[in-house]
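This report refers to the structure that appears directly beneath it.
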Amino acid sequence: MARPSSDLAEFREVFSKAKHIVVLTGAGVSAESGVPTFRGAGGYWRKWQAQDLATPEAFSRNPSRVWEFYHYRREVMLTKSPNPAHLAIAECEARLSRQGRSVMVITQNVDELHRRAGSKHMLEIHGSLFKTRCSSCGNVAANHTSPICPALEGKGAPEPNTSDAKIPVEKLPRCEESDCGGLLRPSVVWFGETLDSDILTQVESELDICDLCLVVGTSSIVYPAAMFAPQVAARGIPVAEFNMEDTPATMRF
């Protein structure tokens with residue numbers, strides 16, 4: 001089966017005419033920054049894989065362990081920097097905005113590297129490691145404090161023989177809204193949870209109005225994000241995939 005066109009001159013022509021570009025990104029765009037993906041072989045923290053910890057059930061069963069895992073991920077991310085892919089996407093948005101054109105980044109990543117690279121218009125469909133949500137009042141707030149609470153300082157080591165810190169629930173991150181004090185959780189979409197309907201509505205409207213879609217560093221296997229680019233392609237809008245290897249969606253773009 002013939003591969004789709006890789007004619008860069010043709011792509012440049014399409015790109016030069018596009019007025020509203022949607023850039024879909026996934027874990028691959030952050031790989032060069034050294035961000036652990038917790039997918040596939042070796043994707044363990046202690047003796048658990050992410051899908052064992054990133055669930056509402058795991059959090060209600062053992063909030064201390066789940067917070068150790070997320071504290072570790074937050075602290076690791078604070079040592080990472082945006083790579084040339086993040087910077088190119090941010091530069092593209094800045095340059096095109098000066099020409100009256102627009103770029104919207106729709107990312108599955110929770111690492112905020114697009115934001116740190118300078119992207120202004122973005123939808124983080126899986127949330128952010130640096131936002132919290134209160135289990136009691138539902139308030140979502142940005143939080144870049146390191147460590148996020150005193151009890152987690154020095155905790156979260158990933159080695160398999162590390163013992164759980166067993167932090168009492170009242171010492172874990174708590175809501176600072178007046179008279180609340182509820183237990184905070186990371187504001188990320190966990191396995192078994194649905195995406196925020198408001199964000200999905202914004203995504204749908206972006207996909208409906210874009211006249212070019214770039215798929216960058218995503219395997220196109222995680223739903224519903226895997227359907228975004230095929231949905232655009234089905235409208236007859238050009239979709240360009242930038243990946244290190246073929247994905248299940250490559251032949252459709």
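Keep in mind that glycine also has a Cβ here, set from the backbone N, Cα and C atoms.
The active site, proton acceptor annotation in TrEMBL covers H126. Annotation comment: TrEMBL describes C134, C137, C175, C180 as Zn(2+) binding site. The domain 'Deacetylase sirtuin-type' annotation in TrEMBL covers 1-253.
Shown here: features listed in TrEMBL, placed on the structure.
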residue	record	CB count, 10 Å
H126	active site, proton acceptor	21
C134	Zn(2+) binding site	21
C137	Zn(2+) binding site	13
C175	Zn(2+) binding site	20
C180	Zn(2+) binding site	15
Rounded inter-Cα distance in Å - the residue listed as 'active site, proton acceptor', C137 (Zn(2+) binding site): 20
Residues flanking the Zn(2+) site, with Cβ no more than 8 Å from the Cβ centroid of C134, C137, C175, C180 and excluding those residues themselves: S135, S136, G138, N139, E176, E177, G181, G182, L184
